[in-house]
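Taken from Swiss-Prot as is:
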{"type": "DOMAIN", "residues": "2-78", "note": "domain 'GST N-terminal'"}
{"type": "DOMAIN", "residues": "89-215", "note": "domain 'GST C-terminal'"}
{"type": "DOMAIN", "residues": "254-415", "note": "domain 'EF-1-gamma C-terminal'"}
{"type": "MOD_RES", "residues": "Ser2", "note": "N-acetylserine"}
{"type": "MOD_RES", "residues": "Thr32", "note": "phosphothreonine"}
{"type": "REGION", "residues": "212-256", "note": "region 'Disordered'"}
Amino acid sequence: MSQGTLYANFRIRTWVPRGLVKALKLDVKVVTPDAAAEQFARDFPLKKVPAFVGPKGYKLTEAMAINYYLVKLSQDDKMKTQLLGADDDLNAQAQIIRWQSLANSDLCIQIANTIVPLKGGAPYNKKSVDSAMDAVDKIVDIFENRLKNYTYLATENISLADLVAASIFTRYFESLFGTEWRAQHPAIVRWFNTVRASPFLKDEYKDFKFADKPLSPPQKKKEKKAPAAAPAASKKKEEAKPAATETETSSKKPKHPLELLGKSTFVLDDWKRKYSNEDTRPVALPWFWEHYNPEEYSLWKVTYKYNDELTLTFMSNNLVGGFFNRLSASTKYMFGCLVVYGENNNNGIVGAVMVRGQDYVPAFDVAPDWESYDYAKLDPTNDDDKEFINNMWAWDKPVSVNGEPKEIVDGKVLK
């Protein structure tokens, strides 16, 4: 009888459970979520991996829980003791859990705060990244100090602690821990190479390469300036100067493209004052729908593309705040809210924004990170779309994510 189905893909937290299935020779089918998309979405609305379905429809999520469950499925008692700790050795069991937790939470969280922005997957803020790197250094010191004196993290053999921690360290070795760093941390490097060569993980490292140098901060794209017209050969230098000055003056303050649409009958500032000073659901929203002109303004659902990389909710809210700050050149043509829903390490960003005109690009592309979001036009004559807008601006109802309600925990208003 089959022992179940494991959903796993390229994500680092799926490496260990997939490796356990192979090394322990479990009768567990391993499939990617994309290969069974409809079934996966029905069984696991959050669409997080790894995920496991056992006999009689038993469902399990979260990597540490799945790893434990898979080891317990093994008939090899010696291997179960090695990976989980002996039943009568409480200290070893606790240490195995401790090191797993440190890697799977504290260390893994910092991937989103260091590697992701350095790769351009999130806005880069030097102060934030430097602070996150300091946190990584402190965690690394804990590992290095342990491994200077011991072969493995928790016991005298490879345990789940080593497998989980090594898999998380992989992303750092690929991106941040270059040749110089590795020379300064020989104990971690020795341990990492030992664990990744084990039967549990060796197949995952076929294409692995150590980084030579750490990732560099992303470079801001410089706008190309139009070449200045060459002065006529017969003109004197003094005569050419006024023309150049005039060109420079006219290019200093380019008009916002939305200014070309002219003045609207819907007074945006009146709406912003109404929203700020009145109760949202009973007073402000009815006023909005009474005065809103769909020919002058369009409404858009804005969704962050990388919700699966978000960690702490306050950091997600800071991400929204930074995005809104970078939209400052367009705020006189916009209004909206982005909210953070869910909980730490399982949250997302979504919202509704109104912009002048029928195209979202001229309003949003003033922010360097505008392409980190998806934009879908909303139809205010559609009851579902209208209710979504009301909910995003009122913040008083849960967000529906794949049919599951998620409480709003924070948010920002663009006004």
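Each Cβ is built from the backbone N, Cα and C atoms, and glycine gets one as well.
Fewest Cβ neighbours within 10 Å among the modified residues Ser2, Thr32: this applies to Ser2. If you take the Cα of Thr32 (phosphothreonine) and the Cα of Ser2 (N-acetylserine), they are about 18 angstrom apart, rounded to a whole number. Shown for the domain 'GST N-terminal' (2-78): DSSP residue counts in helix, strand and coil, namely 39 helix, 14 strand, 24 coil.
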